[in-house]
(Lines of atoms letter the chains of each structure in order from A and count residues from 1; the text may use other names and numbers.)
(Lines give C-alpha, C1' and ligand atoms only; values in the text may rest on other atoms or scores of the structure.)
Protein backbone atom coordinates (compact mmCIF):
# COMPACT_ATOMS: atom_id res chain seq x y z
CA UNK A 1 0.00 0.00 0.00
CA UNK A 2 2.77 2.41 0.88
CA UNK A 3 4.49 2.31 -2.48
CA UNK A 4 3.06 5.49 -3.95
CA UNK A 5 5.03 8.60 -3.17
CA UNK A 6 2.62 11.37 -2.25
CA UNK A 7 5.10 14.16 -1.75
CA UNK A 8 8.62 14.34 -3.11
CA UNK A 9 11.03 17.14 -2.25
CA UNK A 10 14.36 17.49 -4.06
CA UNK A 11 17.33 19.61 -3.02
CA UNK A 12 15.11 22.15 -1.32
CA UNK A 13 17.04 25.12 0.05
CA UNK A 14 15.40 28.14 1.64
CA UNK A 15 16.99 31.25 3.11
CA UNK A 16 15.46 34.42 4.52
CA UNK A 17 18.65 36.41 4.59
CA UNK A 18 22.16 34.98 4.39
CA UNK A 19 21.89 31.87 6.46
CA UNK A 20 19.85 29.03 5.03
CA UNK A 21 16.83 28.00 7.04
CA UNK A 22 16.57 24.77 5.14
CA UNK A 23 19.56 23.21 3.47
CA UNK A 24 19.36 20.72 0.67
CA UNK A 25 16.30 18.80 1.82
CA UNK A 26 15.46 15.57 0.03
CA UNK A 27 12.28 13.98 1.24
CA UNK A 28 9.90 11.32 0.06
CA UNK A 29 6.62 10.95 1.89
CA UNK A 30 4.72 7.77 1.07
CA UNK A 31 0.98 7.84 0.56
CA UNK A 32 -1.21 7.05 3.54
CA UNK A 33 1.18 7.89 6.36
CA UNK A 34 0.58 10.08 9.37
CA UNK A 35 3.89 11.87 9.61
CA UNK A 36 5.33 14.14 12.27
CA UNK A 37 7.99 16.70 11.46
CA UNK A 38 10.03 17.24 14.61
CA UNK A 39 12.97 19.44 15.40
CA UNK A 40 14.04 22.28 17.69
CA UNK A 41 12.80 25.86 17.35
CA UNK A 42 14.20 27.44 14.22
CA UNK A 43 14.79 24.09 12.60
CA UNK A 44 12.69 25.14 9.63
CA UNK A 45 9.67 22.91 10.21
CA UNK A 46 7.07 25.50 9.29
CA UNK A 47 9.33 26.79 6.55
CA UNK A 48 9.44 23.33 5.02
CA UNK A 49 5.65 23.14 4.86
CA UNK A 50 5.32 26.68 3.56
CA UNK A 51 7.92 26.06 0.86
CA UNK A 52 6.19 22.90 -0.28
CA UNK A 53 2.92 24.85 -0.49
CA UNK A 54 4.45 27.69 -2.47
CA UNK A 55 3.85 30.28 0.26
CA UNK A 56 7.61 30.85 0.42
CA UNK A 57 9.96 30.93 -2.52
CA UNK A 58 12.83 28.49 -2.15
CA UNK A 59 16.28 29.43 -3.43
CA UNK A 60 16.66 26.06 -5.03
CA UNK A 61 14.92 22.73 -5.25
CA UNK A 62 11.67 21.30 -6.46
CA UNK A 63 8.54 19.78 -5.04
CA UNK A 64 6.23 17.29 -6.64
CA UNK A 65 2.87 15.98 -5.54
CA UNK A 66 2.11 12.55 -6.97
CA UNK A 67 4.73 13.11 -9.62
CA UNK A 68 3.52 16.45 -10.88
CA UNK A 69 4.25 20.01 -9.85
CA UNK A 70 2.40 21.43 -6.88
CA UNK A 71 0.75 24.11 -9.01
CA UNK A 72 -0.94 21.40 -11.04
CA UNK A 73 -1.91 19.31 -8.03
CA UNK A 74 -3.10 22.09 -5.75
CA UNK A 75 -6.57 20.59 -5.48
CA UNK A 76 -5.10 17.51 -3.82
CA UNK A 77 -3.52 19.47 -1.02
CA UNK A 78 -5.03 21.13 2.06
CA UNK A 79 -3.30 23.34 4.60
CA UNK A 80 -3.95 24.05 8.26
CA UNK A 81 -1.88 27.11 9.22
CA UNK A 82 -0.75 27.93 12.73
CA UNK A 83 -3.67 29.20 14.73
CA UNK A 84 -1.76 32.31 15.72
CA UNK A 85 -1.19 33.37 12.12
CA UNK A 86 -4.57 35.08 11.76
CA UNK A 87 -6.51 37.74 13.62
CA UNK A 88 -9.37 35.99 15.38
CA UNK A 89 -11.16 39.27 15.96
CA UNK A 90 -11.98 39.35 12.26
CA UNK A 91 -15.71 39.99 11.81
CA UNK A 92 -16.93 36.60 10.70
CA UNK A 93 -18.50 33.39 11.99
CA UNK A 94 -17.20 29.85 12.43
CA UNK A 95 -19.29 28.58 9.53
CA UNK A 96 -17.98 31.34 7.30
CA UNK A 97 -14.36 30.44 8.02
CA UNK A 98 -15.03 26.78 7.28
CA UNK A 99 -16.75 27.77 4.03
CA UNK A 100 -13.46 29.35 2.94
CA UNK A 101 -12.27 25.80 2.34
CA UNK A 102 -14.58 25.67 -0.67
CA UNK A 103 -13.22 28.86 -2.25
CA UNK A 104 -10.41 27.03 -4.03
CA UNK A 105 -12.68 24.73 -5.96
CA UNK A 106 -15.09 27.59 -6.65
CA UNK A 107 -12.38 29.67 -8.27
CA UNK A 108 -12.56 33.39 -8.95
CA UNK A 109 -15.71 35.47 -8.45
CA UNK A 110 -18.18 32.58 -8.03
CA UNK A 111 -19.87 32.67 -4.62
CA UNK A 112 -20.46 29.70 -2.35
CA UNK A 113 -24.03 28.41 -2.39
CA UNK A 114 -26.16 25.78 -0.67
CA UNK A 115 -23.94 22.92 -1.75
CA UNK A 116 -20.86 24.55 -0.25
CA UNK A 117 -22.75 25.35 2.93
CA UNK A 118 -23.76 21.72 3.30
CA UNK A 119 -20.16 20.56 2.92
CA UNK A 120 -19.05 23.09 5.52
CA UNK A 121 -21.74 22.00 7.98
CA UNK A 122 -20.67 18.41 7.59
CA UNK A 123 -17.09 19.33 8.37
CA UNK A 124 -18.20 21.29 11.42
CA UNK A 125 -20.12 18.25 12.58
CA UNK A 126 -17.04 16.08 12.13
CA UNK A 127 -14.94 18.26 14.40
CA UNK A 128 -17.77 18.58 16.91
CA UNK A 129 -18.32 22.27 16.31
CA UNK A 130 -21.77 22.28 14.75
CA UNK A 131 -23.41 23.96 17.78
CA UNK A 132 -20.98 26.85 17.36
CA UNK A 133 -21.51 27.44 13.67
CA UNK A 134 -22.88 30.96 14.05
CA UNK A 135 -20.47 31.96 16.79
CA UNK A 136 -18.27 34.97 16.15
CA UNK A 137 -14.78 33.48 15.87
CA UNK A 138 -13.26 35.68 18.59
CA UNK A 139 -15.67 34.06 21.05
CA UNK A 140 -14.25 30.61 20.47
CA UNK A 141 -11.64 29.06 22.73
CA UNK A 142 -8.19 28.24 21.38
CA UNK A 143 -9.10 24.60 20.97
CA UNK A 144 -12.29 25.47 19.14
CA UNK A 145 -10.43 27.80 16.80
CA UNK A 146 -8.04 25.01 16.00
CA UNK A 147 -10.94 22.69 15.20
CA UNK A 148 -12.43 25.33 12.92
CA UNK A 149 -9.15 25.45 11.01
CA UNK A 150 -9.16 21.67 10.78
CA UNK A 151 -12.76 21.69 9.51
CA UNK A 152 -11.80 24.24 6.87
CA UNK A 153 -9.11 21.89 5.59
CA UNK A 154 -11.47 18.89 5.71
CA UNK A 155 -13.85 20.81 3.45
CA UNK A 156 -11.19 20.77 0.75
CA UNK A 157 -11.47 16.99 0.61
CA UNK A 158 -7.80 16.72 -0.24
CA UNK A 159 -5.48 13.72 -0.47
CA UNK A 160 -2.63 15.35 1.39
CA UNK A 161 -2.97 17.49 4.51
CA UNK A 162 -0.26 19.78 5.84
CA UNK A 163 -0.78 20.97 9.41
CA UNK A 164 1.34 23.48 11.26
CA UNK A 165 1.28 22.67 14.98
CA UNK A 166 -2.38 21.70 15.27
CA UNK A 167 -1.89 20.70 18.90
CA UNK A 168 -0.42 23.99 20.01
CA UNK A 169 -2.27 25.45 22.97
CA UNK A 170 -5.20 23.05 22.90
CA UNK A 171 -6.51 21.08 25.85
CA UNK A 172 -6.50 17.29 26.18
CA UNK A 173 -10.06 16.88 24.89
CA UNK A 174 -9.35 18.78 21.72
CA UNK A 175 -6.05 17.01 21.22
CA UNK A 176 -7.79 13.64 21.34
CA UNK A 177 -10.56 14.88 19.03
CA UNK A 178 -8.00 16.12 16.53
CA UNK A 179 -5.83 13.03 16.59
CA UNK A 180 -8.88 10.85 16.05
CA UNK A 181 -9.74 12.80 12.94
CA UNK A 182 -6.15 12.53 11.70
CA UNK A 183 -6.23 8.78 12.22
CA UNK A 184 -9.50 8.60 10.33
CA UNK A 185 -7.88 10.46 7.46
CA UNK A 186 -5.05 7.97 7.44
CA UNK A 187 -7.54 5.13 7.38
CA UNK A 188 -9.00 6.67 4.23
CA UNK A 189 -5.49 6.46 2.76
CA UNK A 190 -4.91 10.19 3.01
CA UNK A 191 -1.45 11.49 3.76
CA UNK A 192 -1.15 13.77 6.77
CA UNK A 193 1.98 15.78 7.55
CA UNK A 194 2.08 17.49 10.93
CA UNK A 195 4.59 19.87 12.45
CA UNK A 196 4.76 18.54 15.97
CA UNK A 197 6.43 19.64 19.18
CA UNK A 198 5.58 17.05 21.76
CA UNK A 199 8.12 14.26 21.39
CA UNK A 200 6.36 12.18 24.04
CA UNK A 201 3.34 11.59 21.83
CA UNK A 202 5.15 10.86 18.56
CA UNK A 203 5.13 7.04 18.87
CA UNK A 204 1.51 7.05 19.99
CA UNK A 205 0.11 9.39 17.33
CA UNK A 206 2.27 8.91 14.25
CA UNK A 207 3.59 6.08 12.12
CA UNK A 208 6.12 8.11 10.16
CA UNK A 209 8.54 10.78 11.30
CA UNK A 210 11.00 13.28 9.86
CA UNK A 211 13.76 14.74 11.98
CA UNK A 212 14.67 18.19 10.83
CA UNK A 213 17.23 20.73 11.90
CA UNK A 214 18.01 22.91 8.87
CA UNK A 215 19.17 19.69 7.26
CA UNK A 216 17.11 16.57 7.15
CA UNK A 217 18.45 14.24 9.84
CA UNK A 218 16.31 11.20 9.16
CA UNK A 219 12.96 10.17 7.81
CA UNK A 220 11.10 6.88 7.99
CA UNK A 221 8.78 4.71 10.06
CA UNK A 222 8.56 5.74 13.71
CA UNK A 223 9.27 2.21 14.92
CA UNK A 224 12.56 2.10 13.00
CA UNK A 225 14.04 5.55 13.40
CA UNK A 226 12.49 7.22 16.45
CA UNK A 227 15.44 6.58 18.72
CA UNK A 228 18.00 8.28 20.95
CA UNK A 229 20.52 8.48 18.20
CA UNK A 230 18.34 10.53 15.86
CA UNK A 231 16.93 12.65 18.65
CA UNK A 232 20.44 13.50 19.81
CA UNK A 233 21.49 14.36 16.27
CA UNK A 234 18.46 16.60 15.86
CA UNK A 235 18.34 18.35 19.20
CA UNK A 236 22.08 18.47 19.80
CA UNK A 237 21.84 17.30 23.38
CA UNK A 238 22.21 13.83 24.63
CA UNK A 239 18.59 12.83 24.39
CA UNK A 240 17.16 9.79 26.07
CA UNK A 241 13.77 8.55 24.99
CA UNK A 242 11.95 8.14 28.24
CA UNK A 243 8.81 6.89 26.65
CA UNK A 244 7.21 3.62 27.52
CA UNK A 245 6.34 1.90 24.31
CA UNK B 1 -31.53 78.89 9.57
CA UNK B 2 -33.81 76.00 10.54
CA UNK B 3 -33.53 72.47 9.28
CA UNK B 4 -36.31 72.46 6.67
CA UNK B 5 -34.93 75.63 5.22
CA UNK B 6 -31.48 74.10 5.06
CA UNK B 7 -32.74 70.92 3.39
CA UNK B 8 -34.56 73.03 0.82
CA UNK B 9 -31.34 74.90 0.20
CA UNK B 10 -29.42 71.65 -0.32
CA UNK B 11 -31.72 70.84 -3.21
CA UNK B 12 -31.83 74.27 -4.75
CA UNK B 13 -28.45 75.84 -4.15
CA UNK B 14 -25.88 74.63 -6.66
CA UNK B 15 -22.81 75.04 -4.46
CA UNK B 16 -24.37 73.49 -1.38
CA UNK B 17 -25.80 70.61 -3.39
CA UNK B 18 -22.47 69.90 -5.02
CA UNK B 19 -20.58 69.96 -1.75
CA UNK B 20 -23.16 67.85 0.09
CA UNK B 21 -23.23 65.24 -2.66
CA UNK B 22 -19.46 65.29 -3.01
CA UNK B 23 -18.73 64.86 0.68
CA UNK B 24 -21.42 62.17 1.03
CA UNK B 25 -20.01 60.12 -1.83
CA UNK B 26 -16.49 60.65 -0.58
CA UNK B 27 -17.48 59.54 2.91
CA UNK B 28 -19.17 56.44 1.54
CA UNK B 29 -16.26 55.30 -0.60
CA UNK B 30 -13.59 56.01 2.01
CA UNK B 31 -15.67 54.31 4.69
CA UNK B 32 -16.10 51.24 2.53
CA UNK B 33 -12.42 50.95 1.67
CA UNK B 34 -11.36 52.04 5.12
CA UNK B 35 -12.92 48.85 6.51
CA UNK B 36 -10.37 46.87 4.57
CA UNK B 37 -7.49 49.06 5.69
CA UNK B 38 -8.54 48.74 9.34
CA UNK B 39 -8.99 44.97 9.16
CA UNK B 40 -5.60 44.56 7.52
CA UNK B 41 -4.05 46.54 10.36
CA UNK B 42 -2.96 49.10 7.81
CA UNK B 43 -4.69 52.00 9.46
CA UNK B 44 -1.67 54.22 9.03
CA UNK B 45 -1.28 53.36 5.37
CA UNK B 46 -3.97 55.91 4.54
CA UNK B 47 -2.06 58.60 6.38
CA UNK B 48 1.14 57.76 4.55
CA UNK B 49 -0.59 57.65 1.16
CA UNK B 50 -2.31 61.00 1.58
CA UNK B 51 0.91 62.68 2.66
CA UNK B 52 2.78 60.98 -0.14
CA UNK B 53 0.35 62.52 -2.62
CA UNK B 54 1.44 66.08 -1.88
CA UNK B 55 4.62 66.22 -4.01
CA UNK B 56 2.60 64.79 -6.91
CA UNK B 57 0.24 67.76 -6.72
CA UNK B 58 3.13 70.21 -6.65
CA UNK B 59 5.00 68.54 -9.49
CA UNK B 60 1.99 68.37 -11.78
CA UNK B 61 1.43 72.07 -11.14
CA UNK B 62 5.06 72.79 -11.97
CA UNK B 63 4.80 70.83 -15.19
CA UNK B 64 1.44 72.08 -16.45
CA UNK B 65 1.35 75.46 -14.77
CA UNK B 66 -2.40 75.06 -14.49
CA UNK B 67 -4.60 74.45 -11.48
CA UNK B 68 -7.01 72.06 -13.12
CA UNK B 69 -7.94 69.81 -10.22
CA UNK B 70 -8.09 66.65 -12.34
CA UNK B 71 -4.52 67.10 -13.51
CA UNK B 72 -3.32 67.81 -10.00
CA UNK B 73 -5.12 64.77 -8.64
CA UNK B 74 -3.55 62.63 -11.35
CA UNK B 75 -0.18 63.77 -10.05
CA UNK B 76 -1.33 62.97 -6.52
CA UNK B 77 -2.40 59.52 -7.64
CA UNK B 78 0.97 58.78 -9.20
CA UNK B 79 2.98 59.94 -6.22
CA UNK B 80 0.56 58.26 -3.81
CA UNK B 81 1.04 54.97 -5.63
CA UNK B 82 4.81 55.41 -5.71
CA UNK B 83 4.76 56.04 -1.96
CA UNK B 84 2.64 52.96 -1.37
CA UNK B 85 4.87 50.66 -3.35
CA UNK B 86 7.97 52.05 -1.70
CA UNK B 87 6.44 51.31 1.68
CA UNK B 88 5.76 47.75 0.61
CA UNK B 89 9.23 47.48 -0.82
CA UNK B 90 10.86 48.73 2.38
CA UNK B 91 8.86 46.28 4.50
CA UNK B 92 9.71 43.40 2.22
CA UNK B 93 13.36 44.11 1.52
CA UNK B 94 14.61 45.39 4.87
CA UNK B 95 14.23 44.42 8.47
CA UNK B 96 12.24 47.58 9.17
CA UNK B 97 8.78 47.16 10.62
CA UNK B 98 5.78 48.55 8.82
CA UNK B 99 5.28 51.49 11.20
CA UNK B 100 8.83 52.62 10.53
CA UNK B 101 8.38 52.27 6.79
CA UNK B 102 5.11 54.22 6.91
CA UNK B 103 6.62 56.96 9.03
CA UNK B 104 9.66 57.24 6.78
CA UNK B 105 7.69 57.53 3.55
CA UNK B 106 5.12 59.83 5.11
CA UNK B 107 7.64 62.38 6.31
CA UNK B 108 9.93 62.06 3.31
CA UNK B 109 7.16 62.69 0.78
CA UNK B 110 5.39 65.30 2.88
CA UNK B 111 8.63 67.16 3.47
CA UNK B 112 9.44 67.09 -0.22
CA UNK B 113 5.92 68.25 -1.02
CA UNK B 114 6.15 71.18 1.39
CA UNK B 115 9.52 72.11 -0.08
CA UNK B 116 7.99 72.18 -3.55
CA UNK B 117 5.01 74.20 -2.33
CA UNK B 118 7.24 76.90 -0.83
CA UNK B 119 9.30 76.87 -4.02
CA UNK B 120 6.14 77.36 -6.08
CA UNK B 121 5.03 80.21 -3.85
CA UNK B 122 8.23 82.09 -4.66
CA UNK B 123 7.59 81.77 -8.38
CA UNK B 124 6.53 84.94 -10.22
CA UNK B 125 3.28 83.31 -11.28
CA UNK B 126 -0.05 84.63 -10.16
CA UNK B 127 -1.61 81.24 -10.58
CA UNK B 128 0.05 79.55 -7.62
CA UNK B 129 -2.21 80.86 -4.89
CA UNK B 130 -4.49 78.22 -3.47
CA UNK B 131 -2.34 75.17 -3.93
CA UNK B 132 -2.06 74.98 -0.17
CA UNK B 133 -5.77 74.19 0.00
CA UNK B 134 -4.70 70.61 -0.56
CA UNK B 135 -3.15 70.63 2.88
CA UNK B 136 -6.43 71.00 4.76
CA UNK B 137 -8.89 70.73 1.92
CA UNK B 138 -11.49 73.18 0.75
CA UNK B 139 -14.84 71.66 -0.03
CA UNK B 140 -16.12 74.95 -1.42
CA UNK B 141 -13.95 74.47 -4.50
CA UNK B 142 -15.79 71.28 -5.48
CA UNK B 143 -17.57 71.52 -8.81
CA UNK B 144 -20.01 69.19 -10.50
CA UNK B 145 -17.37 67.40 -12.56
CA UNK B 146 -15.44 66.58 -9.36
CA UNK B 147 -18.54 64.98 -7.94
CA UNK B 148 -19.07 63.01 -11.13
CA UNK B 149 -15.52 61.73 -10.92
CA UNK B 150 -16.09 60.66 -7.33
CA UNK B 151 -19.34 58.95 -8.27
CA UNK B 152 -17.69 57.04 -11.12
CA UNK B 153 -14.82 55.85 -8.95
CA UNK B 154 -17.24 54.87 -6.19
CA UNK B 155 -19.36 52.96 -8.69
CA UNK B 156 -16.32 51.15 -10.05
CA UNK B 157 -15.19 50.39 -6.53
CA UNK B 158 -18.62 48.97 -5.70
CA UNK B 159 -18.61 46.71 -8.75
CA UNK B 160 -15.12 45.42 -7.97
CA UNK B 161 -16.08 44.90 -4.34
CA UNK B 162 -19.14 42.84 -5.26
CA UNK B 163 -17.27 40.81 -7.85
CA UNK B 164 -14.26 40.00 -5.70
CA UNK B 165 -16.02 39.99 -2.33
CA UNK B 166 -15.08 36.42 -1.50
CA UNK B 167 -11.48 36.98 -2.56
CA UNK B 168 -11.16 40.18 -0.53
CA UNK B 169 -12.62 38.53 2.53
CA UNK B 170 -10.37 35.49 2.52
CA UNK B 171 -7.26 37.55 1.75
CA UNK B 172 -8.01 39.86 4.67
CA UNK B 173 -8.49 36.94 7.02
CA UNK B 174 -5.75 34.55 5.98
CA UNK B 175 -3.40 35.52 3.16
CA UNK B 176 -1.16 32.43 3.26
CA UNK B 177 -4.11 30.09 3.10
CA UNK B 178 -5.56 32.08 0.21
CA UNK B 179 -2.35 31.49 -1.67
CA UNK B 180 -2.51 27.73 -1.16
CA UNK B 181 -6.01 27.69 -2.66
CA UNK B 182 -4.52 28.96 -5.90
CA UNK B 183 -5.60 32.60 -5.78
CA UNK B 184 -3.23 35.26 -7.01
CA UNK B 185 -2.94 37.12 -3.72
CA UNK B 186 -0.72 39.80 -5.20
CA UNK B 187 -3.43 40.73 -7.67
CA UNK B 188 -6.13 40.95 -4.98
CA UNK B 189 -3.79 42.93 -2.77
CA UNK B 190 -2.90 45.42 -5.50
CA UNK B 191 -6.57 45.78 -6.40
CA UNK B 192 -7.52 46.74 -2.83
CA UNK B 193 -4.54 49.02 -2.37
CA UNK B 194 -5.13 50.81 -5.68
CA UNK B 195 -8.70 51.58 -4.75
CA UNK B 196 -7.63 52.82 -1.34
CA UNK B 197 -5.11 55.16 -2.98
CA UNK B 198 -7.76 56.32 -5.47
CA UNK B 199 -10.26 57.10 -2.72
CA UNK B 200 -7.67 59.02 -0.73
CA UNK B 201 -6.60 61.07 -3.72
CA UNK B 202 -10.21 61.93 -4.50
CA UNK B 203 -10.64 63.26 -1.00
CA UNK B 204 -7.57 65.50 -0.98
CA UNK B 205 -9.36 68.47 -2.50
CA UNK B 206 -12.16 68.27 0.06
CA UNK B 207 -10.54 67.09 3.27
CA UNK B 208 -6.86 67.64 2.60
CA UNK B 209 -3.62 65.73 3.01
CA UNK B 210 -3.40 66.06 6.75
CA UNK B 211 -6.85 64.86 7.77
CA UNK B 212 -7.59 62.43 4.97
CA UNK B 213 -6.68 59.30 6.89
CA UNK B 214 -9.42 60.04 9.42
CA UNK B 215 -11.99 59.68 6.65
CA UNK B 216 -10.63 56.23 5.99
CA UNK B 217 -10.42 55.05 9.59
CA UNK B 218 -13.14 56.73 11.60
CA UNK B 219 -16.22 55.30 9.81
CA UNK B 220 -14.64 51.84 9.71
CA UNK B 221 -13.65 51.89 13.36
CA UNK B 222 -17.16 52.99 14.30
CA UNK B 223 -18.79 50.35 12.10
CA UNK B 224 -16.69 47.54 13.56
CA UNK B 225 -18.30 48.15 16.94
CA UNK B 226 -21.81 47.34 15.75
CA UNK B 227 -21.44 44.09 13.88
CA UNK B 228 -19.59 40.82 13.56
CA UNK B 229 -20.21 40.49 9.86
CA UNK B 230 -17.81 41.88 7.29
CA UNK B 231 -20.61 42.75 4.85
CA UNK B 232 -22.56 44.74 7.40
CA UNK B 233 -19.38 46.39 8.62
CA UNK B 234 -18.51 47.65 5.14
CA UNK B 235 -22.10 48.82 4.61
CA UNK B 236 -22.23 50.62 7.96
CA UNK B 237 -18.86 52.23 7.37
CA UNK B 238 -20.11 53.58 4.05
CA UNK B 239 -23.25 54.86 5.76
CA UNK B 240 -21.34 56.51 8.63
CA UNK B 241 -18.93 58.05 6.13
CA UNK B 242 -21.75 59.43 3.99
CA UNK B 243 -23.57 60.87 7.00
CA UNK B 244 -20.35 62.44 8.27
CA UNK B 245 -20.09 64.17 4.91
CA UNK B 246 -23.67 65.40 4.93
CA UNK B 247 -23.73 66.50 8.58
CA UNK B 248 -20.27 68.00 8.38
CA UNK B 249 -21.24 70.04 5.36
CA UNK B 250 -24.45 71.14 7.03
CA UNK B 251 -22.66 72.27 10.18
CA UNK B 252 -19.96 74.13 8.32
CA UNK B 253 -22.48 75.75 5.97
CA UNK B 254 -24.76 76.93 8.74
CA UNK B 255 -21.93 78.18 10.94
CA UNK B 256 -20.24 80.57 8.61
CA UNK B 257 -16.56 80.21 7.88
CA UNK B 258 -16.09 76.83 9.49
CA UNK B 259 -13.81 74.81 7.26
CA UNK B 260 -15.69 71.78 5.91
CA UNK B 261 -12.97 69.12 5.99
CA UNK B 262 -12.17 69.36 9.70
CA UNK B 263 -15.88 69.50 10.58
CA UNK B 264 -16.53 66.30 8.61
CA UNK B 265 -13.65 64.61 10.40
CA UNK B 266 -14.99 65.72 13.76
CA UNK B 267 -18.47 64.44 12.94
CA UNK B 268 -16.94 61.11 11.92
CA UNK B 269 -15.06 61.04 15.22
CA UNK B 270 -18.32 61.60 17.07
CA UNK B 271 -19.64 58.48 15.33
CA UNK B 272 -16.58 56.65 16.63
CA UNK B 273 -17.05 57.94 20.16
CA UNK B 274 -20.74 57.02 20.27
CA UNK B 275 -19.98 53.58 18.84
CA UNK B 276 -17.22 52.93 21.33
CA UNK B 277 -19.49 53.74 24.22
CA UNK B 278 -22.93 52.54 23.16
CA UNK B 279 -22.39 49.50 20.96
CA UNK B 280 -24.36 46.65 22.57
CA UNK B 281 -21.73 43.94 22.21
CA UNK B 282 -18.40 45.75 22.14
CA UNK B 283 -19.21 49.13 23.65
CA UNK B 284 -17.65 50.23 26.92
CA UNK B 285 -20.96 51.04 28.60
CA UNK B 286 -22.69 47.70 28.10
CA UNK B 287 -19.49 45.83 28.75
CA UNK B 288 -19.28 47.53 32.14
CA UNK B 289 -22.96 46.87 32.85
CA UNK B 290 -22.54 43.21 31.91
CA UNK B 291 -19.47 43.02 34.09
CA UNK B 292 -21.31 44.39 37.11
CA UNK B 293 -24.34 42.20 36.50
CA UNK B 294 -22.15 39.18 36.16
CA UNK B 295 -20.46 39.93 39.47
CA UNK B 296 -23.85 40.27 41.15
CA UNK B 297 -25.05 36.99 39.67
CA UNK B 298 -21.95 35.27 40.94
CA UNK B 299 -22.43 36.74 44.40
CA UNK B 300 -25.99 35.51 44.37
CA UNK B 301 -24.96 32.04 43.30
CA UNK B 302 -22.21 32.03 45.88
CA UNK B 303 -24.71 32.85 48.63
CA UNK B 304 -27.08 30.18 47.38
CA UNK B 305 -24.24 27.66 47.35
CA UNK B 306 -23.37 28.60 50.93
CA UNK B 307 -26.99 28.04 51.98
CA UNK B 308 -27.03 24.76 50.11
CA UNK B 309 -23.92 23.75 51.99
CA UNK B 310 -25.74 24.28 55.29
CA UNK B 311 -29.07 22.85 54.18
CA UNK B 312 -27.69 19.59 52.85
CA UNK B 313 -26.48 18.56 56.32
CA UNK B 314 -30.13 18.31 57.34
CA UNK B 315 -32.51 15.60 56.37
CA UNK B 316 -35.21 18.06 55.48
CA UNK B 317 -33.70 20.43 52.95
CA UNK B 318 -36.25 23.08 53.83
CA UNK B 319 -35.30 23.03 57.48
CA UNK B 320 -35.32 26.67 58.61
CA UNK B 321 -32.09 28.36 59.71
CA UNK B 322 -31.46 31.70 61.26
CA UNK B 323 -30.40 34.56 59.02
CA UNK B 324 -27.56 35.29 61.43
CA UNK B 325 -25.51 32.35 60.08
CA UNK B 326 -25.32 34.12 56.76
CA UNK B 327 -23.51 37.05 58.30
CA UNK B 328 -20.43 34.87 58.47
CA UNK B 329 -20.50 34.59 54.74
CA UNK B 330 -18.60 37.23 52.84
CA UNK B 331 -20.58 38.53 49.91
CA UNK B 332 -23.95 38.15 51.62
CA UNK B 333 -26.17 41.22 51.80
CA UNK B 334 -29.81 41.80 52.63
CA UNK B 335 -30.53 42.52 49.00
CA UNK B 336 -29.06 39.23 47.80
CA UNK B 337 -31.35 37.45 50.21
CA UNK B 338 -34.29 39.44 48.87
CA UNK B 339 -33.33 38.50 45.33
CA UNK B 340 -33.12 34.83 46.24
CA UNK B 341 -36.58 35.03 47.77
CA UNK B 342 -37.79 36.80 44.65
CA UNK B 343 -36.44 33.98 42.48
CA UNK B 344 -38.27 31.52 44.69
CA UNK B 345 -35.04 29.79 45.73
CA UNK B 346 -35.41 30.74 49.37
CA UNK B 347 -38.33 31.17 51.77
CA UNK B 348 -38.05 33.83 54.42
CA UNK B 349 -40.00 33.55 57.64
CA UNK B 350 -39.15 36.28 60.09
CA UNK B 351 -35.50 35.79 60.99
CA UNK B 352 -35.43 32.27 59.62
CA UNK B 353 -34.68 31.20 56.10
CA UNK B 354 -35.10 27.89 54.35
CA UNK B 355 -34.24 26.62 50.89
CA UNK B 356 -37.08 25.73 48.59
CA UNK B 357 -37.06 22.55 46.53
CA UNK B 358 -36.19 24.62 43.49
CA UNK B 359 -33.44 26.50 45.27
CA UNK B 360 -31.88 23.28 46.46
CA UNK B 361 -31.94 21.81 42.98
CA UNK B 362 -30.49 24.91 41.39
CA UNK B 363 -27.74 25.09 43.98
CA UNK B 364 -26.69 21.49 43.53
CA UNK B 365 -26.47 21.95 39.76
CA UNK B 366 -24.61 25.26 39.86
CA UNK B 367 -21.64 25.34 37.47
CA UNK B 368 -21.71 21.64 36.89
CA UNK B 369 -21.95 22.36 33.20
CA UNK B 370 -19.21 24.93 33.35
CA UNK B 371 -16.86 22.89 31.22
CA UNK B 372 -19.55 22.51 28.55
CA UNK B 373 -20.18 26.21 28.49
CA UNK B 374 -16.57 27.12 28.13
CA UNK B 375 -15.51 24.46 25.73
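For all residues, glycine too, the Cβ spot is worked out from N, Cα and C.
TrEMBL does not curate its annotations; it predicts them automatically.
Look at TrEMBL and you will find B:21-39 (among others) tagged as transmembrane segment.
According to TrEMBL, the transmembrane segment annotation covers B:45-64 (among others).
What TrEMBL records for B:71-89 (among others) is transmembrane segment.
According to TrEMBL, the feature transmembrane segment maps to B:101-120 (among others).
Note on the transmembrane segment (B:147-165): residues 18, 21-22, 25-26, 28-29, 32-33, 70, 188, 191, 195, 198-199, 202, 231, 234 of its chain, located 6 or more positions outside it, place their CB under 8 angstroms from a CB of the stretch. TrEMBL lists B:147-165 (among others) with the feature transmembrane segment.
Residues 22-23, 26-27, 29-31, 33-34, 36-38, 40, 43-47, 49-51, 53-54, 57, 69, 73, 76-77, 80-81, 84, 110, 113, 133-139, 141-142, 146, 149-150, 153, 157, 160, 164, 168, 171, 240-241, 244, 260-262, 264-265, 268-269, 271-272 of the same chain, all 6+ positions outside the transmembrane segment (B:190-218), place their C-beta atoms under 8 angstroms from a C-beta of that stretch. Positions annotated as transmembrane segment by TrEMBL: B:190-218 (among others).
If you look up TrEMBL, you'll see B:230-251 (among others) marked as transmembrane segment.
Residues or ranges marked as transmembrane segment by TrEMBL: B:263-286 (among others). Long-range Cβ contacts of the transmembrane segment (B:263-286) within its own chain (Cβ-Cβ under 8 Å, at least 6 residues beyond either end) map to 23, 27, 139, 206-207, 211, 214-215, 218-219, 221-226, 228, 240-241, 243-245, 247-249, 251-252.
Each of B:21-39, B:45-64, B:230-251 was scored by its Cβ pairs under 8 Å to the transmembrane segment (B:101-120), and the highest score goes to B:45-64.
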